[in-house]
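Enquirer: Starting off with a structure, shown below.
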Amino acid sequence: MNKDVYVLGIETSCDETAAAIIKNGNEIIANVVASQIKSHRRFGGVVPEIASRHHVEQITLVLEETLEQADLSFKDIDAIAVTEGPGLVGALLIGVNAAKAIAFAHGIPIIGVHHIAGHIYANRLVKEMHFPLLSLVVSGGHTELVLMKGHGEFEVIGETRDDAAGEAYDKVARTLALPYPGGPHIDRLAHDGSPNIELPRAWLETGSYDFSFSGLKSAVINTLHNAKQRGEDILPEDLAASFQQSVIDVLVGKTMRAAEEYKVKQVLLAGGVAANKGLRNRLNESFQQLPDIDLVIPPLSLCTDNAAMIAAAGTVMYEQGKRGNMKMNGNPGLEL
Ligand code: KG4
Ligand code: ZN
């Protein structure tokens, strides 16, 4: 019988200090996330220096809690998977150095994981992956359609040319004076509004799987300003609903077209914006028209940043024999 594989994941790329332990690549044994959102909220966004300080304060506590939850010690861990990039360099460094210290002290192999690979592999904690598959990655920093023909093989077939979807959500939310991060607030408002305000949809050139959200973001801001100048009232709920519909139309439209063109077996949703109820509902509805494609949507807790997803991606790399070394550094520009 094969021995069980336990991988410790560490994620500190942005504003969550997180650690988790995954058994055999798909079973969560412990999952701890310390969010810093409260500290950044009064600045309306993530302040890198504050993020790094919080990570330093939290990382040891989060690791201790993770081992306690799992009822394991470092000697039980087969590999340490850590987010190597992309992200804030000062934030990444805290996780990478913690991983290196543990690896050195206990003689455990270390593996550097791409943050987006982690988001995609969050789905493996829900269901086994079947290739070829397509992943719609929508986070605060990325909007991408990623085609995978096997484990660890990532082909970006479309990406945003300007703002990421989450970034557009956060900027529109700020215009509506909603707290950071704005995505969940727009989602909630949209639910109570009606999409009766005309806004653009950036389909781009025929056949393109790229995205663009900055025009939409500007249209929302202009709509608000023009209404204010004319002394007209716009219901924030309606603006949120119209914005959300425009985002979802394009995300879901392109995902369906790519899924058919590349004849994929599965479509996976990934990233913080995957927590969006409107997007989840529309994907579920739309993929009923493509019953041969298995749509996988992770639970909310695995959509936003966490370390379980990093350990899940790290387990696959571990099994493929990939190893990092003590020269590893935070790499904000790491390629998928
Ligand atoms: O993946 P994530 O936690 O961090 C990055 O890697 O960027 O994504 C954070 C983003 C933020 O822009 C946040 O506003 C957005 O995900 N988000 C949402 C929702 N929940 C989080 N956007 C829309 N609707 C939501 N329910
Ligand atoms: Zn993320």
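The backbone N, Cα and C atoms fix where each Cβ goes, and this holds for glycine too.
Any TrEMBL annotation is an automated prediction that lacks curation.
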Enquirer: If TrEMBL gives VAL137, VAL138, SER139, GLY140, GLY141, ASP170, GLY183, ASP187 as binding substrate, which of ASN276, ASN281, ASN284 does it give for that site as well?
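Expert: Among the candidates, TrEMBL records only ASN276 at this substrate site.
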Enquirer: Please list, in sequence order, those binding-site residues from VAL137, SER139, ASN276 with the Cβ less than 6 Å from ligand 1.
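Expert: Going through VAL137, SER139, ASN276 in sequence order, those close to ligand 1 turn out to be SER139, ASN276.
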Enquirer: Out of VAL137, SER139, GLY141, ASP305, which binding-site residues lie by ligand 2, with a C-beta less than 6 Å from some atom of it?
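Expert: So the answer is SER139, ASP305.
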Enquirer: Highest CB neighbour count within 10 A among the binding-site residues SER139, ASN276?
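Expert: Checking each of SER139, ASN276, the winner is ASN276.
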Enquirer: Would you measure the largest Cα separation among VAL137, VAL138, SER139, GLY140, GLY141, ASP170, GLY183, ASP187, ASN276 for the substrate site and round it to whole Å?
Expert: 18
Enquirer: Got a sec? Which of these binding-site residues, HIS115, HIS119, has the most Cβ atoms within 10 Å?
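Expert: The residue with the densest Cβ neighbourhood is HIS119.
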